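Data block below; observations after.
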Amino acid sequence: MLLLARCLLLVLVSSLLVCSGLACGPGRGFGKRRHPKKLTPLAYKQFIPNVAEKTLGASGRYEGKISRNSERFKELTPNYNPDIIFKDEENTGADRLMTQRCKDKLNALAISVMNQWPGVKLRVTEGWDEDGHHSEESLHYEGRAVDITTSDRDRSKYGMLARLAVEAGFDWVYYESKAHIHCSVKAENSVAAKSGGCFPGSATVHLEQGGTKLVKDLSPGDRVLAADDQGRLLYSDFLTFLDRDDGAKKVFYVIETREPRERLLLTAAHLLFVAPHNDSATGEPEASSGSGPPSGGALGPRALFASRVRPGQRVYVVAERDGDRRLLPAAVHSVTLSEEAAGAYAPLTAQGTILINRVLASCYAVIEEHSWAHRAFAPFRLAHALLAALAPARTDRGGDSGGGDRGGGGGRVALTAPGAADAPGAGATAGIHWYSQLLYQIGTWLLDSEALHPLGMAVKSS
């Protein structure tokens, strides 16, 4: 039965993508034929991203020098790619040693160089440094940085070489010298800690039958507080976890508001709804205008990556007003980072939205288009409903037919789908859901690289 369901889902996903490809979509890279990108060479002394190398937005902090006798030496792997020339002036093979992430990016760059300039190869002049020839806390000491040129040493090519390094996925690229380009990557554990789109296990949701529940304890049949596309509160079925890692230690963005005082933790690539500038700070989102939080339209609230939310912007929180519960915009007071070891969980509801710690968030991550992500999961929701209909004897544990709409604010209650526990992926299996992995893979084929958050999904190095 599950195999059949997966086959049906694949067919539906393909149909959905074909249809969307014929349309002119609202997002970057959507609904249009991808043309070869025009690459612009970096200028001398330019670096991308435009932040310091050892900051969160680039390659991250220095984690300590690696020597041949240290425990961390096993983190380094030799690169024997025949398409790369290693200078290795020390004759120790040190320049070939690097982290797996650095190796993957370097190998990708080698292919780009050969495609850009036939007959020319990538040349590495400096890799891992064990002799202390670089500045203090240089990432060369960790095997996370390389200095590169082209094999013909044609300096007129170096600006474009730097651009190719950016496109290959290096986390920081610097046209450092007229003689070479400097590239570096994040630490392996740093990438894993910051990747994905999740909430910590300590986050809470509101249940239809009253009370709250830790997000890590959600199970099929639970109905949790969410919002529709007009910003009205309702209860929606919890379907599955798109990602679940009980033992994860993650870096979360901490979004805090003061009036009312709320605190939400979520990973960098997760989507959070932000109110437009003309949305009254004291009023409810107007249903008549279609400007409710989940719409993501140009004039209404939009969903942003958590890493892009800034103090002064306004998010939607649940507040009591005139004895009624409703969504109100609240100004973000601070955005900080916190490392938590409470696990990481990405719940999916039928509505595609969820109230976490009384703050409205999307169920989706990786791509900054909530509406498109929700459409992409339509086949999954359909399969879930079909399988539920095939097992009418089973009922949801979270259902309470007499509960009505306890969310207030004129909200609507979604119908409970019996047999939800039998839906594909409804169990609490650890790891990333197979459907999410499928969509991510398709997205990497169809979308521009800028459309996907760089920390959207932790991908194992090959």
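Glycine residues also receive a Cβ, built from the backbone N, Cα and C atoms like all the rest.
Ca(2+) 2 binds Glu126, Asp129, Asp131 as Swiss-Prot records it, and from the list Glu90, Glu167 the residue named for this site is Glu90. Swiss-Prot gives the label N-palmitoyl cysteine to one of Cys24, Cys102, namely Cys24. Taking the centroid of the Cβ atoms of Glu90, Glu126, Asp129, Asp131 as the Ca(2+) 2 site, the other same-chain residues with Cβ within 8 Å of it are Glu89, Ala94, Asp95, Gly127, Trp128, Glu130, His133, His134, His140. Around Asp131 (Ca(2+) 2 binding site), a 10 Å sphere centred on its CB holds 10 further CB atoms from the protein chains shown. A 10 Å cutoff on Cβ-Cβ distances gives Glu90 (Ca(2+) 2 binding site) a total of 13 other Cβ atoms nearby, all chains included.
Taking only the Cα positions, the spacing between Gly197 (cholesterol glycine ester) and Asp129 (Ca(2+) 2 binding site) is 35 angstrom. For Asp243 (site 'Involved in cholesterol transfer') paired with Asp131 (Ca(2+) 2 binding site), the C-alpha to C-alpha distance reads 43 Å.
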